[in-house]
Amino acid sequence: MNMSVLTLQEYEFEKQFNENEAIQWMQENWKKSFLFSALYAAFIFGGRHLMNKRAKFELRKPLVLWSLTLAVFSIFGALRTGAYMVYILMTKGLKQSVCDQGFYNGPVSKFWAYAFVLSKAPELGDTIFIILRKQKLIFLHWYHHITVLLYSWYSYKDMVAGGGWFMTMNYGVHAVMYSYYALRAAGFRVSRKFAMFITLSQITQMLMGCVVNYLVFCWMQHDQCHSHFQNIFWSSLMYLSYLVLFCHFFFEAYIGKMRKTTKAE
């Protein structure tokens with residue numbers, strides 16, 4: 001159901017990318033995401049135990065490099081996938097932007113779709129810095145990392161509808177988020193409002209994820225969207241749980257602290 005005919009300019013590495021091999025590899029290996037998740041969980045609990053009796057590591061320069069690398073990657077990903085999605089919206093409409101599988105195998109976006117799902121494994125490295133620097137590790141952080149890895153690998157192999165929206169939104173939010181982390185790690189003073197904006201962007205992303213899932217479900221009934229009920233169920237459960245957790249985090253981190261500050265004054 002690839003009805004996308006793009007006139008967007010491709011870079012040479014995007015042209016040379018073999019999406020068929022990538023999709024086949026993911027179909028054969030997507031379950032390895034469970035192994036990565038198990039190793040990640042083991043590292044979290046083992047690492048925190050080992051660090052209990054050790055002094056924290058500074059790791060400022062490695063953290064700047066790490067965050068900056070992910071920021072640049074996310075910025076390019078957001079620009080390229082965003083260009084694709086805007087083109088489809090302008091020329092084909094909303095339904096096509098949600099249901100078109102061309103995001104996985106079409107020009108421009110095919111490379112970035114695969115890069116996105118693969119990046120969810122190395123992004124687990126965010127937690128290494130938190131543990132080694134003995135910072136607070138909240139449930140939302142590691143739950144989000146594990147579930148995004150599992151779901152993105154699980155969905156990419158089937159080229160399910162909605163993926164273009166999910167990936168483009170995530171690229172966009174991460175472009176801002178990792179840029180913020182890089183600035184903070186480099187010692188720049190960044191307004192608290194910037195952090196609030198990022199969390200609000202994440203909440204908006206989760207709301208949009210729920211809306212996209214609803215549209216996929218409705219259009220799937222008329223054989224206009226390629227997906228299956230099991231995928232929509234897990235995706236909806238994931239996005240709803242994120243929505244609740246990010247709203248709770250926003251209230252605790254910003255609204256609650258504002259109220260405490262007001263009372264103290």
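Cβ atoms are placed via backbone N, Cα and C, with glycine included.
Taken verbatim from Swiss-Prot:
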CARBOHYD  ASN2  N-linked glycosylation site
TRANSMEM  34-51  transmembrane segment
TRANSMEM  70-90  transmembrane segment
TRANSMEM  111-131  transmembrane segment
TRANSMEM  136-156  transmembrane segment
TRANSMEM  159-179  transmembrane segment
TRANSMEM  197-217  transmembrane segment
TRANSMEM  232-252  transmembrane segment
The transmembrane segment (111-131) versus listed stretches 70-90, 159-179, 197-217: most Cβ pairs under 8 Å: 70-90
Remote residues contacting the transmembrane segment (159-179) - C-beta distance under 8 A, at least 6 residues beyond either end: 23, 67-68, 70-71, 74-75, 77-78, 81-82, 84-85, 88, 97-101, 103-105, 109, 112-113, 116, 148, 152, 197-198, 201-202, 205, 208-209, 212-213, 215-216, 219-220, 225-228, 231, 235
Distant-in-sequence neighbours of the transmembrane segment (70-90), which means Cβ under 8 A and at least six residues beyond its ends: 4, 6, 8, 14, 96-97, 100, 102-103, 106, 108-109, 111-113, 115-116, 119, 123, 164-165, 167-168, 171-172, 174-175, 177-179, 181-182
